Amino acid sequence: MEKERLFYLDFIRAIAVMMVVLTHYNANFIGYNGAAQFNKIVLTEFPFGIYLGDLGVGLFMLISGAAMWYVYGNKKTAYFSFVKKRLISILPMFYIAYLGAFLFNFWQNRGFSTNNVSVKYFISTLFGFDSLLATVGVQNFMLVGEWFIGMIIIIYFLFPLLKKLVSENEIIAIFFSIFLLVVFNLSILADNKAWRILQLTIGFVPIFVLGMLLQKYLSFFKNKLFVLPSIAILILNAVLKPEVIPEKIQMFYISLAVFILVLVLSPLFEYVIIRNVVDVISKYSYPIFLIHHFITNKMVNHFDIQAISVKESYLLFLIILPVVFFFSWSLLRLTNMGKKFLNNGKDYVGRKP
């Protein structure tokens, strides 16, 4: 029996999804696609003194930890069945999205090329790690998704162990997380690819564990007394912009402050229309996450972004959104159809004559 969905988690998930989509659109105007044009950024790219993408990922990790604790915190978890279930929730849709992107590129480019990348690197795509490797500069065949996929797969492999730690000794879990947070934000080995992979995987264990603890002690953190300190943290970081503090540590406490604010204030937004919008965005969050970057790049490349106006930048973003949502809806539908077909096939094969 599935547990009742928590509005505050879906609300934060919807906010985080829109942050990530906005991040990759605005990236075109902060120097990733020609000269920087900050006036063409939609809304913001640096809220509260940190990168919008960092905040989006931070919130995703908090809700991932919270959701995992909510579902599995008080029940036994068989390691291999848990990992299998999580991989099935991630990889089939990833494969379908990848195939769709590949076929589109094949049609658009009138053929395909490996661009001198060894075919052996395709194994990283099969396991969902191509975007993660691309982020650290390893050869890859990335088309869809983000480095986050490889990271969350690693986290899921570790979850049963993390759950045991949080269940049996929160103090050790907290100190262990602080240790990881400090170690993986040191500037040592900054150019080492293996170290960067560890930073982008194990380095996010602390914020995932924090999400688990937030859900475990939800009634404590829902206290309205946390609202003013959270607001103060956001304002101070936005004003001071403390460059001496590593970016990912800023991401840690800014994400926590935003999480607590939404947690405490979410009951004020539980109107039917808001809940319906949140439900839709939350339902399609993973397919949106998989394909929004690919679609955004294709649509942005149709324009001369150095020449478009500020109003045209906003209009382009508003055009991209429904396209992303349409293909996200299609991707989820295709994935569900594929799973149903395979399940029916297994039932048919296993049926006695």
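Numbering starts at 1 and runs along the chain as it is shown here.
Each residue, glycine too, has its Cβ placed from N, Cα and C.
Here the structure is a predicted model, which means the values were calculated and not measured.
Feature list (source: TrEMBL):
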- 7-28: transmembrane segment (TRANSMEM)
- 8-332: domain 'Acyltransferase 3' (DOMAIN)
- 48-72: transmembrane segment (TRANSMEM)
- 87-107: transmembrane segment (TRANSMEM)
- 119-136: transmembrane segment (TRANSMEM)
- 141-159: transmembrane segment (TRANSMEM)
- 171-190: transmembrane segment (TRANSMEM)
- 197-214: transmembrane segment (TRANSMEM)
- 220-240: transmembrane segment (TRANSMEM)
- 252-274: transmembrane segment (TRANSMEM)
- 314-332: transmembrane segment (TRANSMEM)
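Spatially, the transmembrane segment (220-240) is not adjacent to the transmembrane segment (314-332); fewer than three Cβ-Cβ distances between them are under 8 Å for residues at least 6 apart in sequence. In this chain, the transmembrane segment (87-107) does not touch the transmembrane segment (197-214); fewer than three CB pairs sit within less than 8 A of each other, excluding pairs fewer than 6 residues apart. The average pLDDT computed over the domain 'Acyltransferase 3' (8-332) stands at 92.
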